[in-house]
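Asker: Annotations per TrEMBL:
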- 18-39: transmembrane segment (TRANSMEM)
- 51-68: transmembrane segment (TRANSMEM)
- 80-97: transmembrane segment (TRANSMEM)
- 109-133: transmembrane segment (TRANSMEM)
- 145-166: transmembrane segment (TRANSMEM)
Amino acid sequence: WFLANLSYQEALSDTQVAIVNILSSTSGLFTLILAAMFPSNSGDRFTLSKLLAVILSIGGVVLVNLSGSEKSPGRNTIGSIWSLVGAMLYAVYIVMIKRKVDREDKLDIPMFFGFVGLFNLLLLWPGFFLLHYTGFEDFEFPNKVVLMCIVVNGLIGTVLSEFLWLW
């Protein structure tokens, strides 16, 4: 989950939002393929109707994003690679959850996201020091306005959206 989100954010810093959204929408295709390769139940088998649904979904994202995208030649294609990597990692995340929890009523969603946050906090904080002391990225505490935006974005953009998606 963390690596999928990191890849998505890296892609946003390297290329257009429209391209990132289009390529990130391919996570449905990767999920379909991985679920067919590693099924958790009989409903995970590959069907043409599922493939058509994924293609229509990706097509819708392409149409919406192309209608509002600007042309910018020479943009770095590394953002496209980050988007595809993020989509693949998100598909792995979804398929692995499905393999561990076969029915949704078995998953306590608030506890699940609590543990995701706890593991991120406990396992990833040394990265701050590594990035800061290597000079790759300087760490500084945000001001109050930026901190409030981070908290609101985290609660609404991540917690609420993931909660509703899983529910």
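Cβ atoms are placed via backbone N, Cα and C, with glycine included.
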Asker: May I ask which of the stretches 18-39, 80-97, 145-166 has the most CB pairs under 8 A with the transmembrane segment (109-133)?
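Answerer: Against the transmembrane segment (109-133), the leading stretch is 145-166.
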Asker: Same chain, outside the transmembrane segment (80-97) by at least 6, Cβ under 8 Å from its Cβ: which residues?
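Answerer: Those are 1, 3-8, 10-11, 14-15, 19-20, 22-28, 30-31, 33-35, 38, 40, 107, in sequence order.
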